[in-house]
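Peer 1: So TrEMBL lists the following for this protein:
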type     : residues : note
TRANSMEM : 42-62    : transmembrane segment
TRANSMEM : 69-87    : transmembrane segment
TRANSMEM : 107-127  : transmembrane segment
TRANSMEM : 139-161  : transmembrane segment
TRANSMEM : 181-204  : transmembrane segment
TRANSMEM : 225-251  : transmembrane segment
TRANSMEM : 307-328  : transmembrane segment
TRANSMEM : 349-371  : transmembrane segment
TRANSMEM : 377-395  : transmembrane segment
TRANSMEM : 407-436  : transmembrane segment
Amino acid sequence: MDEESPTTTPLLPHHRPQWWRKIPSNAISSLRLHKTTVWSELGGSVGDLGTYIPIVLALTLVSKLDLGTTLIFTALYNIVTGLLFGIPMPVQPMKSIASVAISEAPLLTLSQIAAAGIGTASVLLFLGATGLMSVLYRFIPLPVVRGVQLSQGLSFAFTAIKYVRYDQDFAANTQGDARSWLGLDGLIVAISAIVFLVITTGSGETYDNIEPVAGNRRVRRRLQILSSIPSALIVFLIGIILCFIIDPTIFNSLQLGPSKFHVLKITWDDFKTGFLRGSVPQIPLSILNSVIAVCKLSDDLFPEHEASVTAVSVSVGIMNLVGCWFGAMPVCHGAGGLAGQYRFGGRTGASVLLLGCGKLVLGLVFGNSFVRILNQFPVGILGALLLFAGIELAMASKDMNTKEESFVMLVCAAVSLTGSSAALGFVCGIVLFLLLKLREVDCGPHDGDD
């Protein structure tokens with residue numbers, strides 16, 4: 001009997017209830033469906049800080065971003081998205097805009113950064129509101145999405161290893177000499193954090209509904225206890241303590257009170273420069289990683305609470321069309337952040353809601369002076385957190401069942417990594433997928449049955 005040729009199914013079914021009808025029930029039903037604890041959600045809440053902190057710190061030091069304003073706005077974003085989606089939907093910096101802003105001369109001004117965020121948000125809001133994003137999501141082949149996820153996950157992991165091995169100057173966007181073994185930000189501290197995370201979280205599995213390992217109930221009980229430890233939160237708090245030990249003068253630099261809000265003056269020239277230099281490279285990345293990849297990952301991790309591409313697109317659009325005018329950092333949702341928060345225990349929207357409350361308190365109490373603490377945060381510890389988030393995202397690609405699907409996924413990932421462009425990898429993946437399907441088209445005359 002001939003085997004049926006494998007096919008790649010569309011990412012979305014044809015009929016799905018409108019996303020806005022799910023809003024009232026998401027937060028409550030997700031808590032009922034997942035056996036979670038406050039400690040687990042707290043641990044997951046810091047799972048994406050390995051990405052958040054370096055970019056926010058760099059923009060604050062180089063582009064004069066007001067950290068207090070960004071903390072308050074991203075806190076409100078976290079709280080709203082936690083209630084809206086019912087899953088640990090992250091709020092992350094727009095990485096391409098940040099990269100251009102701090103590394104390409106002439107550096108973007110704060111108004112141009114805001115204009116780039118507004119331009120990107122406007123495109124995503126249009127695609128989401130018109131339903132075009134849903135069309136894209138429905139027909140993009142799964143191996144291509146997996147290729148984008150794999151490339152982003154490995155990119156995070158490579159960056160994490162650099163954080164662990166080498167000194168970093170986020171303000172100058174440069175990498176220094178090899179990190180020393182000793183010291184409060186030395187290799188021993190970073191490796192100890194990684195070892196602790198491996199012992200407590202393993203490879204990221206859960207032990208709530210599995211049979212005893214090798215018939216040994218004590219082993220299963222020990223694994224359950226280890227996995228219940230909010231390991232990422234403990235590592236992060238140790239990093240905060242080390243900040244004050246590294247530089248005790250931080251106490252004298254902190255100023256109580258929030259930053260004063262003001263509306264940015266954005267000129268037409270700022271919009272042109274921001275859109276061409278910031279939005280153009282950011283839009284493909286936001287569509288692929290911040291909407292399509294994150295929605296697919298949400299379906300993998302939370303099939304009963306899959307995030308709607310329409311809701312995610314509209315969410316990114318509204319967040320930035322409000323916050324960027326006040327000088328807040330351009331943000332989006334990201335598959336890497338979702339993977340990181342899930343990896344360290346986040347199972348519901350309570351995870352990002354707690355994170356939002358924490359950011360709100362810091363923004364209201366310390367304002368922009370909190371940058372003094374972040375500037376002394378051990379980069380090796382950030383690398384440890386980012387490493388696990390990246391690997392968790394990359395592991396989403398393990399479900400490729402055929403050699404053809406794996407081939408498309410790996411080519412897409414390879415091009416994305418070597419070309420430093422998820423959009424380029426995506427285009428190559430689509431072309432390769434179509435070429436492989438073209439080989440199977442029967443264009444000749446049909447012979448009669450024997």
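Positions of Cβ are set from backbone N, Cα and C atoms, glycine also.
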Peer 1: For the transmembrane segment (181-204), could you work out the same-chain residues 6 or more beyond its ends whose Cβ comes under 8 Å from its Cβ atoms?
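Peer 2: Result: 163-165, 223, 226-227, 229, 231-232, 234-235, 238, 242, 245-246, 343-344, 378-381, 383-385, 387-388, 392, 395.
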Peer 1: Can you tell me which parts of the same chain pack against the transmembrane segment (407-436), counting only residues 6+ beyond its ends and a CB-CB cutoff under 8 A?
Peer 2: 8, 140-141, 143-144, 146-148, 150-152, 154-155, 281, 284-285, 288-289, 397, 400
Peer 1: If we skip the immediate neighbours and take only residues 6+ beyond the ends of the transmembrane segment (139-161), which ones have a Cβ under 8 Å from one of its Cβ atoms?
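Peer 2: Long-range Cβ neighbours of the transmembrane segment (139-161): 8-11, 50-51, 288-289, 292-293, 296-297, 335-336, 339, 383-387, 389-397, 399-400, 404-406, 408-414, 416-417, 422, 425-426, 429-430, 433.
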Peer 1: For the transmembrane segment (42-62), which partner among 69-87, 107-127, 307-328, 377-395 gives the most CB pairs under 8 Å?
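Peer 2: Comparing 69-87, 107-127, 307-328, 377-395 against the transmembrane segment (42-62), the winner is 377-395.
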Peer 1: Using a Cβ-Cβ cut-off of under 8 Å, list the residues of the same chain that are 6+ residues beyond the ends of the transmembrane segment (225-251) and lie near it.
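Peer 2: Sequence-remote neighbours of the transmembrane segment (225-251) are 37, 39-40, 42-47, 49, 184-185, 189, 193, 196-197, 199-202, 205-207, 344-345, 372-374, 376-378, 381-382, 384-385, 388.
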Peer 1: Against the transmembrane segment (307-328), which of these stretches has the most C-beta pairs under 8 Å: 69-87, 107-127, 349-371, 377-395?
Peer 2: 107-127
Peer 1: Taking residues 6+ outside the transmembrane segment (349-371), which of them lie with a CB under 8 Å of any CB in it?
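Peer 2: Tertiary neighbours of the transmembrane segment (349-371) are 26-27, 30-31, 36, 38, 41-42, 44-46, 57, 60-61, 66-72, 74-79, 81-91, 253-259, 341.
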Peer 1: Go through the chain and flag residues at least 6 beyond the ends of the transmembrane segment (377-395) whose CB is under 8 A from any CB in it; none is fine as an answer.
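Peer 2: Non-local partners: 46-51, 53-54, 57, 149-150, 152-164, 167-168, 179, 184-187, 189-190, 193-194, 197, 201, 204, 232, 235-236, 238-240, 242-243, 246, 297, 335-337, 339-340, 342-344.
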